[in-house]
Amino acid sequence: MSSELQISPAIHDPQGQEKQQQAAGVGILLQIMMLVLSFVLGHVLRRHKFYYLPEASASLLIGLIVGGLANISNTETSIRTWFNFHDEFFFLFLLPPIIFQSGFSLQPKPFFSNFGAIVTFSVLGTFVASMVTGLLVYLGGVMFLMYRLPFVECLMFGSLISATDPVTVLSIFQELGSDVNLYALVFGESVLNDAMAISLYRTMSLVRSHSSGQNFFMVIVRFLETFVGSMSAGVGVGFTSALLFKYAGLDVDNLQNLECCLFVLFPYFSYMLAEGLSLSGIVSILFTGIVMKHYTYSNLSANSQRFVSAFFHLISSLAETFVFIYMGFDIAMEKHSWSHLGFIFFSILFIVIARAANVFGCGYLVNLARPAHRKIPMTHQKALWYSGLRGAMAFALALQSVHDLPEGHGQTIFTATTAIVVLTVLLIGGSTGTMLEALEVVGDSHDTSLGDGFEVVNSRYMTSYDDEDTPPGSGFRTKLREFHKSAASFTELDRNYLTPFFTSNNGDYDDEGNMEQHHEERIPFTRRGNLNNRG
């Protein structure tokens, strides 16, 4: 069978080469048809406000149905190979534009106003969820409740299954309207969560391959090297691009093509630089997106700003939709190991427990550091807990684990992850709208403007901390508040030094001019997008 799939004989055989080209054409045509169907169906569902089948769920279903039909009809192998989910293709071509757009579309005001909470949920919370899941899976195996895996492999599974994909929840937020703080928490946590999960998985994989001489301290050091190094590479590339566009004088009419080409190349430069340094390209391109939107974007001409915003939004939408179709087709075509149903059942139970430990534990810590008027209400914490759907990132890492782990172990993890992804995307994703309305965190009462939610400046945050009585012995709470103050100090540093240095705005951080106008073009917090038209 493998000899039939080799390309080299077809090169010398005109008929074989023609057959390969025909199979490629049919495969790509089917993919395009599924993309068109997915976008049209998503539009119809949005137009009729049918929230029980979100766009991501519809795309996954289309892939599952077409893949099932191809499997039943014994579609020709050369055509089916065009639908195989390759983790290299996913990580090199599909994921980078999605992650970059996540960072590029961040709104600076809500993100930095909730920066401490977002970092707590995404970094500490993801670490807690990974460790809790891995430990529970290991204990479940020891107690003969489920298929037993070695401890490090359990931690690898905990890391990959902690990668959340709340695209369904965010789309419903956009349709129904949501509290600005809640949207910022869910979106910000999801952006950094993927980067954290990938770094944890790669660290655990490295520990497994070099198990001798490793200890917990070295694991933490290796993880910090990967994460901080990748973040530094991304931020460095972003700042370099900002200075280039500030001083190169490209924002003139006859150089707009060059301006846009250079801007589009920088994200992939950041990604490949990190990968070449054995770091995480996903972490790097994420922070490149954040920095380029905050600094480089304002150095572009008005026409180039409109083009790059539309371009990255376009390719990320195509990639995201294609990923769910691609994933659904591959799930239907792959041979899964369903012999360990106990592993699947208890894994689902354990990730629910781990997600609760993540959200409610971190929520408690964040509320310790916040004044009364800034505490995260329990309804928001429940919504954040419910939004922890698993998606393409967990699926891709699980597929990679099939190659990283011994035969049987990786296949068991892949099958369990597949079941979890399908369950969360279809069932939980379909009930998200009802759940959010029951919690009363969406609706017209939450359609507040972006500025209304963040009028309190950093000095008022700091004053509220100083004025509150601090009971004796609350040193931990004091340290948490110092961390929150550092976020406010960074905002002041950005306003007074970084923005004037890296942009041509001369420090006009909060004015209603060009920079703020383009930041607010993509505000997702209202039902009908009428926020920018307010009087």
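Glycine is no exception: its Cβ is also placed from the backbone N, Cα and C atoms.
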If you check the topology given in Swiss-Prot, are Ser298 and Gln381 found on the same side of the membrane?
yes
Does the transmembrane segment (127-147) make contact with the transmembrane segment (216-236) through 3 or more Cβ pairs under 8 Å, each pair 6 or more apart in sequence?
no
Any contact between the transmembrane segment (341-361) and the transmembrane segment (216-236), i.e. 3 or more CB pairs below 8 Å with pairs at least 6 residues apart?
no
Could you tell me whether the transmembrane segment (50-70) and the transmembrane segment (307-327) are in contact, taking contact to mean 3+ Cβ pairs under 8 Å with a sequence separation of 6 or more?
yes
Taking contact to mean three or more C-beta pairs under 8 angstroms, with sequence separation of 6 or more, is the transmembrane segment (413-433) in contact with the transmembrane segment (50-70)?
yes
DSSP on the topological domain 'Cytoplasmic' (237-271): how many residues come out helix, how many strand, how many coil?
30 helix, 0 strand, 5 coil
